[in-house]
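Following: one structure in C-alpha cells, then a few remarks.
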Amino acid sequence: MSKTVKVAVTGAAGQIGYSLLFRIASGQMFGADTAVEIQMLELEAAIPAAKGVIMELEDCAFPLLQKVTVSSDLDTAFKEINWALLVGSVPRKAGMERGDLLKINGGIFVNQGKAIEKNAASDVRILVVGNPCNTNCLIAMNNAKGISQDRWFAMTKLDENRAKSQLASKAGVPVKEVTHLGIWGNHSATQYPDFYNTKISGKPVTDVISDHEWLKGDFIKNVQQRGAEIIKARGASSAASAANGVVDTVRGIITPTAPGDCFSAAVVSDGSYGAEKGLIFGFPLKSDGKKVEIIQGISLNDFAKEKFKITHEELVSERNEVKEML
C-alpha cells in the first residue's frame, strides 16, 4: 500500500453521501493501493445518522479504510485533509427564490472555504458537489485565497455521463463508444453538452446520428432536465448517479486522460473561449495524473456559441448576486 489519503465528506449522512462513502472506502475512488481515512462533516442533528453509517462502513471490513470519524466542527473535519468533497448544501424548497438559495448556501461555503484554508494539507484538492455547485465553489475558493485556484473543481461529470448515455442509447451502441464529450458552463438547466465535438466509435456524432433536430433539441433538453425528471420519478433527487459522478471526477483528475479524449468539470476560468476570468466554468479538461488543463483549440460553431453565451450569462448573474461574499 503506497499511501493514505485523508478525505473530508460534507453532508455525509445524506443520500449522496450514503452512496459515496462505500465507494471511497472500497478503493473505487483512489485505487486499490491507496488507503483512506474518511472525515465526515455533518450538522449536529444528523450526527446519530452518520454514526449509523460509520457502523455500516465498519461492518464492511474494507481493507483500505484506515479510519472514519464524524464531527460537526469544521476545523476537526478538515484537519490535514488531502481531498474535500463538499456534498452538503441546502436544497431549494417550494417558494424559495434562486437568489435566496445562493445566499443561504453562500454563507455555508464562506465558512467551509476559510476552514479548509486553515486546516487542510498543503496539497488539498476540493470538489464541490452541493448545488448551485459552480457558484458555491466560487464562494469557497474566494474565501480560501491561500489555496491555489487550480485545486478547486465543481462537478459537471454527472451531466457528461447523462449525455453519453443519451447518445449511446440513440445510436444503439455501448456507452464506452461515446468519447470527447465536454460540458460547457453551469451545472444547471443552461449547461451545454457539446455533441458537435463528441465522437461515437471514433466518428463525429453528427455522422452517426442523422436526426440533427433531436441533437439540437430533445437531446440537450433531456440532459438539462434529467435531474428534475428523476425527482419526479422517484420522489428524491439523484443520489447514486451523483455519487458516481464524484468518483468519476476524482478519477479523471488523478488519472492521465486517454490521448485525444477529455473529461468534464468546472474549474476557474483563465479566459479560455471568452469565459470571464475567475468564474468557475465547465470546460472539457485533460489530466496528466497531476495537473489538469483546459483543452484548447476546440471549435465552437454559431449554435454552440449561442448556448455558451446563455450559460455564461447565468454564471455571471449568479456571481453578481453573491459579490459581497467573494
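Placement of Cβ uses the backbone N, Cα and C atoms for every residue, glycine included.
Annotated NAD(+)-binding residues in Swiss-Prot are Gly11, Ala12, Ala13, Gly14, Gln15, Ile16, Gly17, Gln112, Val129, Gly130, Asn131, and among Asn105, Asn142 the one listed with them is Asn105. Among Arg98, Arg125, the residue that Swiss-Prot places alongside Arg92, Asn131, Arg162 at the substrate binding site is Arg98. Sequence-distant contacts of His187 (active site, proton acceptor), defined as residues of its own chain at least six apart whose C-beta falls under 8 angstroms from its C-beta, comprise Asn131, Pro132, Cys133, Asn134, Ala154, Met155, Thr156, Leu158, Asp159, Ala266, Gly282. Around the Cβ of Gly11 (NAD(+) binding site), 24 further Cβ atoms fall within 10 Å across all displayed protein chains.
Counting every protein chain shown, 22 other Cβ atoms lie within 10 Å of the Cβ of Arg162 (substrate binding site).
Counting every protein chain shown, the number of other Cβ atoms lying within 10 Å of the Cβ of Arg98 (substrate binding site) is 14. Checking each of the binding-site residues Arg92, Arg98, Arg162 against Gly11 (NAD(+) binding site) by C-alpha distance, the shortest gap belongs to Arg92.
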